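S.K.: So that we are looking at the same thing, I have put the structure below in structure tokens.
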Amino acid sequence: MKLTPMMRQYFEIKENYKDCILFFRLGDFYEMFFEDAETAARELELVLTGRDCGLEKRAPMCGIPFHASNSYIGRLVAKGYKVAICEQVEDPKVAKGIVKRDVIKVITPGTYTDSSFVEETKNNYIMTIYSDLERNRCSLAITDISTGDFLATEGELEKGVILDEISKFNPKEIILLDSLDQELIKDITLTTPALISRKPIEYFEEKFEEVLNAQFGEKSNSLSLMVKKSSNALVKYILDTQKISLTNINDIEVYSLVDFMTIDLSSRRNLELTENLREKSKKGSLLWVLDKTETSMGSRMLRRWIEEPLVNKEKITLRLNAVEELFNDLSLNDSLKEALHDIYDIERILGKISNKNANAKDLIALKTSIGKIPNVKGIIENCTSSLLRNYHHNLDDLRDIYELLEKSIKEDPSLTLKDGDLIKDGFNSEIDELRLAKTNGKDWISSLENREREFTGIKSLKVGFNKVFGYYIEISKANYSSIPEGRYIRKQTLANAERFITPELKEIEEKLLGASEKLCSLEYDIFLDIRNEVENHIDRLKTTAKIIAELDCISNLAFVALENDFIKPEINEDGETKIENGRHPVVEKVIPKGEFIPNDTIINKDDNQLLIITGPNMAGKSTYMRQVAIITLMCQIGSFVPASKANISVVDKIFTRIGASDDLAGGKSTFMVEMWEVSNILKNATENSLVLLDEVGRGTSTYDGLSIAWSVIEYICKNKNLRCKTLFATHYHELTKLEGEIHGVRNYSVAVKEVDNNIIFLRKIIEGGADQSYGIEVAKLAGIPDDVINRAKEILEKLEMESSKDNLDLALKEVNASKEEMKEASITSSYEVKETLVEEDKIEIKEEVISKASEAKTHKEDDQIQLDFSAIGKDNLIKELSEVDILSLNPMEAMNRLYALVKEAKNLI
């Protein structure tokens, strides 16, 4: 059997879109067949039917009305599918044979622009990644076709670099070079929910000069070869999916990875910059506190500022000075916010214009927005800060575009472009003439209706119109007997009425419909001319939109600073950060006003380089550490900060190792994840970085963990290529002995007050280490049963009585002394990387850290030694006692070993 002609056409088109669900236009429906139909029926809850296709079995089929397609497309795209829209590209009335069809657009998660599914305040990015294995380099290109943003960068081909950029932009779709390392592809897949496609090297490397010149013109000539190749693939992908060149993508913003603060994936999550950890929503994040912007453009820009803090002191100062000027003039800033409030999303309107799907209401929104610009410009006219002066100077009032739209487009135009009612009277003489003819025709229809009522005596007689039957005379069945015989021609019978026509009515109908059809067609053509004229000025419009967005951010930061009692920080590059009465901006927002306890911080590259913070759980150690990082970050985006005074040293990177989590999909345990994060920090932090380490080593045995934590502290403080500012929270109180032993280490703790065997968390950071962890008290607060609490106290008392704290102190001193005897050269020399297998996965830990940790713990086999004192005398007992490795034992093992030794010693007396 042979396929039907229509089904042959379907398969020919589907062959080129195998990775898409093909929406195949048949009349007023989009139909899907075979596997596409089965997938769509399942995902969209549609009825699966069948259609004869020429084969023995009917083709599985389902369909949706074309006029309601957007919601169905959005649901599929949200689930990670690509949808190819196949339209009839010729009029069925004039088609010879089967109607020609072709795919006019491919809609993907990264190219979908429908406002019902794309968040107003978020960019919808798509990313390409290119790699050169020989040079060990990679390049990335990123765009949001709805706004016209197009960015690119290049750097070392390292997993961390790529994953950090992915976490920063959070793209909905990623196109990879198919020869990219498989392990890296796996890591990318586990890191992001983005739809991932793979393309051959030719897709990146062929015709890049031609493609980029066509899209960007001479601007592309100065790009590096690496950037050209990733950008080439991205532009090609846009052309492949949109089927047109998008004029709003007309420039490439090439940025360097060192232009902005590096914040790795883990740190973005831990600091909850744009979404909270628990619900992945904006509420409870830093963005939630800071975002009181007036425009969608400003909100997206602020999000990007938070994701990309500045590292250039001069640029930070420019923003801070602009914020300060508006902060100091409340009336001025209120006026500015009011003027910005009525400005629509110019960037996304331009995206619609570029994509040829902007309607008349979009142009009215654009006109309204442009009309606000002179007021905005006037408000900041007398501002003195450099940034605000630049905004005023460069802000284009776009008067010519405003006047064009003001005189051409109706204030309340039709949503459907081909239905007319778009163009104002007086703009085009031919439109005015056709409207007059149409109006006269309607007057005639009204006159006819009155005349027929008088003639028949039927007061309810009316003349109506629909697209199927045209004009008609409708008479209710109750008045049917009053119709003069032979006056009307019956056209349609309804349940309660009859519809008729007359030769005279059909004659005027032809004239009216001819005028209406011609009017709609002419209005549509003129509208397209106006839209194209606006598109010719897209460069000016994009520049203006960016200034409005930045101005909104500056105004917003001034407003938020006033609302939350933030202060302007000072900036330095000396390496010392001083914060007086610092507060966590999110935490203080969610607890009753006035209850947050502020804290001071001094951290530098000298005597306060690494702060060891001890204290019980729930006391506020993690909040304090995060607050220092967030205050630093806020300063570097140009924001005022929550403190009474702050002098912030610019940092190039923020790293955090906070909280316990595993990576089951990646096959990594909690401890494995912790070690990977620590390894990443030790390899990538610099002397200008800020590092937060919380409970390093807690995922393993006590002395393993203590040894690792100790050696990490030494490595950070003694490696002359590192010495980064570090906040180190721990429950290993033994580490507090490092103050005075290692230069730069200082002890701090969270103050706790004991009242009637209960503890009160004072949330205050004070100098000196904590003397205990209060773990049982915290367990009691958490609601652990009293029986468990009481038994825990008994066990703790026995352990504390029988443990030999003095011996432990001595051991710690001896281990430290052995380290001090090491030559300084070995401390400051270049550190080699050693690969260590941990739980069947690989972690790279600096060899120096491994060797230092090993000093505090002997080989595991020693733990298994069974002492048989029945065969030895006192000398042997002393010898065996001296060989017991106390550092390798957990508290219970130490107690059992001590008990056995004491018992045997008594037998020898």
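The backbone N, Cα and C atoms fix where each Cβ goes, and this holds for glycine too.
What you see is a predicted model, and the numbers here were worked out from it, not measured in a lab.
Marked as ATP binding site by Swiss-Prot: GLY615, PRO616, ASN617, MET618, ALA619, GLY620, LYS621, SER622.
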S.K.: List the same-chain residues at least 6 positions away in sequence whose Cβ sits under 8 Å from the Cβ of LYS621 (ATP binding site), in sequence order, or say none.
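M.R.: Listed in sequence order, they are ILE613, THR614, GLY615, ASP694, ALA729, VAL750.
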S.K.: Looking only at ASN617, SER622, the binding-site residues on record, which one has the least crowded Cβ, with the fewest other Cβ atoms within 10 Å?
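M.R.: It is ASN617 that, of the binding-site residues ASN617, SER622, has the fewest other Cβ atoms within 10 Å.
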S.K.: May I have the list of same-chain residues other than GLY615, PRO616, ASN617, MET618, ALA619, GLY620, LYS621, SER622 whose Cβ is within 8 Å of the Cβ centroid of the recorded ATP site, in sequence order?
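M.R.: Apart from the listed residues, the neighbours are ALA729, VAL750, PHE761.
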S.K.: Using all protein chains shown, find which of the binding-site residues MET618, ALA619 scores highest when you count other CB atoms within 10 A of its CB.
M.R.: ALA619
S.K.: Can you check which residue among the binding-site residues GLY615, PRO616, GLY620 has the largest number of Cβ atoms within 10 Å of its own?
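M.R.: When each Cβ's neighbours within 10 Å are tallied, GLY615 leads.
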S.K.: Look up MET618 (ATP binding site) in the DSSP assignment and report helix, strand or coil.
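M.R.: It is coil.
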